[in-house]
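Working notes, beginning with the structure itself.
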Amino acid sequence: MNKNTISNIECVITKPDRHNLITVIVETESGVTGYGCATFQQRPLAVKTMVDEYLKPLLIGKDANNIEDLWQMMMVNAYWRNGPVINNAISGVDMALWDIKAKIANMPLHQLFGGKSRDAIQVYTHATSDTMEGLYEQVDKYLEQGYQHIRCQLGFYGGVPENIQTAQNPTQGSYYDQDQYIENTVEMFKNLREKYGKQFHILHDVHERLFPNQAIQFAKQIEQYNPFFIEDILPPSQTEWLDNIRNQSSVSLALGELFNNPEEWKALIINRRVDFIRCHVSQIGGITPALKLGHFCESFGVRIAWHCPPDMTPIGAAVNTHLNVHLHNAAIQEHVEYKANTQRVFPNAAEPINGYLYASEIAGIGVEMDREAAQDFPVEYRPHEWTQSRLPDGSIHTP
């Protein structure tokens, strides 16, 4: 294969709607350009610095064909490795290199992987409201749109705070009460099943808001309502407790959106402590490690449900869809409808059809960034109050 030298790398941050989205653009001497997602919205400028000041000088003049070698070099070049900033920066480059290779081959990305194992991937979306009436309205809307899987949340992560008794002069933060959350969420499941029966699969995200003993109690209480899966019932630092949950409840567990390092998921998969891996592809370093993770999971009967929130580019979401139609053990894809500005900056962003997402058949990833449109929405940093989650006594808890 003829050498295809990397001639330029650019990292662009744009905020078309609520989130700062990071795109890496890799140009080659052949004239083929690739696009990749590097979004770490809580620390966007750190990722851009990593790309501009460290990866770009390292990669200019290298052969874009050698994706595996370049990925390994980027990962070890700083000596310390596998953190959210460096992994997202590497991911942006890695996805762009795969985009280039698929464009040169004149085939959509999933065909470069080895083709499809399914026609389309089932999708779930988010229904969230402070009241059951509001939640019913959202569920009804999504059922009309053909969704068979809906993530249901009563209030924001941690639930709707009601008359929380805090300490005097409480420290600033986002307060919630774990006992209230458990009680209200179990009641939410009960109400949904009574109203809808088994018309759709219910998913729910605990978002690490419980202590391990509470997580066990919660899993036991909602088991009767047969959720499709419960996400992030514990933080990555407490995954040994998953064995205790497994021993007392048959609830399907999904975990992984906070993982960066393979050591965080190896034991979970080998010991079958989870049913679904929820890794965020750019947080683990891009397509190259995602393919390896997918095949590793398949050997142990663990299914894939990549993290795919609105705070990632439609480029990254399209990569998830290509992975999902290829990997035989892919189960479902998360999706939140794109707003108009995001669709303008990222043309060809896919939307579900009757509860399914279809991979693009355009050569490459199939979604690019309109650089001129992106300039209309410059980066705007915000302090992220929601990650300052506090219990009634004022102590910080994992968000």
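Glycine is treated like the rest: Cβ placed from N, Cα and C.
Among the candidates Glu162, Glu231, Glu298, the residue that Swiss-Prot annotates alongside Asp205, Glu257 as binding Mg(2+) is Glu231. Record check, Swiss-Prot: D-arabinonate site residues include His207, Glu257, Arg278, His307, and the candidate from Glu183, Glu187, Glu240, Glu334 also listed there is Glu334.
Of all Cβ atoms in the shown protein chains, 23 besides its own fall within 10 Å of the Cβ of His307 (D-arabinonate binding site).
DSSP assigns Glu231 (Mg(2+) binding site) to a strand segment in the three-state reduction. Within 10 Å of the Cβ of Asp205 (Mg(2+) binding site) there are 21 other Cβ atoms, across all protein chains.
Listed in sequence order, the binding-site residues from Asp205, Glu231, Glu257 having a Cα within 10 Å of the Cα of Arg278 (D-arabinonate binding site) are Glu231, Glu257. Nearest in space to Glu257 (Mg(2+) binding site), taking C-alpha to C-alpha distance over the binding-site residues His207, His307, Glu334, is His307.
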